[in-house]
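Per TrEMBL, the features are as follows:
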DOMAIN    2-142  domain 'Aspartate/ornithine carbamoyltransferase carbamoyl-P binding'
BINDING   Ser51, Thr52, Arg53, Thr54, Gln78, Arg102, His129, Pro130, Cys131, Gln132, Cys261, Leu262, Arg289  carbamoyl phosphate binding site
DOMAIN    148-298  domain 'Aspartate/ornithine carbamoyltransferase Asp/Orn-binding'
BINDING   Asn160, Asp220, Ser224, Met225  L-ornithine binding site
Amino acid sequence: MKHLLTLEQLSKEELLDILNLADQLKFQKKNGIPHELLKGKTLGMIFQKSSTRTRVSFEVGMHELGGQALFLSSRDLQIGRGEPIQDTARVLSRYLDGIMIRTFEQKEVEDLAKYGSIPVVNALTDYCHPCQVLADLMTIREFKGAFEGLKCCYIGDGNNMANSIIVGVLRLGMKMSIACPKRYEPDAHILEFAKEFPGMFEMTEDPLVAAKDADVLFTDVWASMGQESEKAEREKIFKGIYQINDSVMAVAKPDAMVQHCLPAHREEEITNKVFEEHADEIFEEAENRLHAQKAVLVKLMA
Ligand code: CP
Ligand code: NVA
């Protein structure tokens, strides 16, 4: 593994390898066992979009691994004034040991990896959010004990989260069911990917069909970062239908867990009641960003 650009690039073994290391690093942190595996290394963190969890967990993660992180807002970098990503990649490769980037187009992340000579981590694009889904998978195993035989369900926009969830869930042998409105389906590449798993993937417009007997329920915002101008139009289409609420929970397994990458919009994609009833799982998921990303950084940079 040279970079983490998408989840599709990881085999089941590589995925499990990262999750196992993440569990181990979580244990070490909880027990005060030092694990300075990236001593002296520097991670550059390029942000073209807002962030709470990603920024803080990467920065703290590098610190705990004995290295350091540099926050690089695109507002301040010359990228914001038009310096090409090809040149930025070649310059930063001479100072840093790794780059994490959150941006719009997936191609920018791929270009950074192509033209640079250091590991690149995708910290969210319009296409996917691999780091988040590693944390989600880690949390599922923590709460459910194993992946085998589980059914996961995603309700909402077929966005970056939906794309990465589908890949991670199918790759680890779980069933995946997604409910989304027409025209808001996951990316065509992801639907092609899902064809490699016959009988394991289902897509419907009806959340109650998708949620039936589910062990894990996911949702995400109706309008992602960069789609602010579509907010009102999307609300008309999603409102009252694409939501995790009591009716959805009633058709899922009685012990179903809920995952939300956050930030959440209560009473939109999830009711406040369901959110609070499942807050333990959701905030463990947020915590696991730290452990899962530390594992990725160690795999790429140690
Ligand atoms: N889930 C997630 O990526 O959160 P931030 O946007 O706060 O980083
Ligand atoms: N789909 C959301 C996820 C935020 C973590 C977005 O891209 O804004």
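Note: Cβ is positioned from N, Cα and C throughout, glycine not excepted.
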For the binding-site residues Ser51, Gln78, Asn160, Ser224, the one whose C-beta sees the most other C-beta atoms within 10 angstroms: Asn160
Alpha-carbon spacing, Met225 (L-ornithine binding site) to Arg289 (carbamoyl phosphate binding site), which is rounded to whole Å: 19
Rounded inter-Cα distance in Å - Cys261 (carbamoyl phosphate binding site), Ser224 (L-ornithine binding site): 12
Entries of Arg53, Asn160, Asp220, Ser224, Met225, Arg289 (binding-site residues) sitting next to ligand 1, with Cβ under 6 Å as the cut-off: Arg53
DSSP three-state assignment (helix, strand or coil) for Met225 (L-ornithine binding site): coil
Residues that sit under 8 angstroms from Cys131 (carbamoyl phosphate binding site) by C-beta distance, when 6+ apart in the chain: Leu4, Thr54, Val121, Asn122, Ala123, Leu124, Arg289, Ala292, Gln293, Val296
Which of Met225, Cys261, the listed binding-site residues, has fewest other Cβ atoms within 10 Å: Met225
Sequence-ordered binding-site residues from Ser51, Gln78, Asn160, Met225, Arg289 with Cβ under 6 Å of an atom of ligand 2: Asn160, Met225
Tertiary neighbours of His129 (carbamoyl phosphate binding site) (same chain, Cβ under 8 Å, six or more apart): Asn122, Asn160, Met161, Asn163, Ser164, Cys261
Between Asp220 (L-ornithine binding site) and Gln78 (carbamoyl phosphate binding site), the C-alpha gap once rounded to whole angstrom: 32
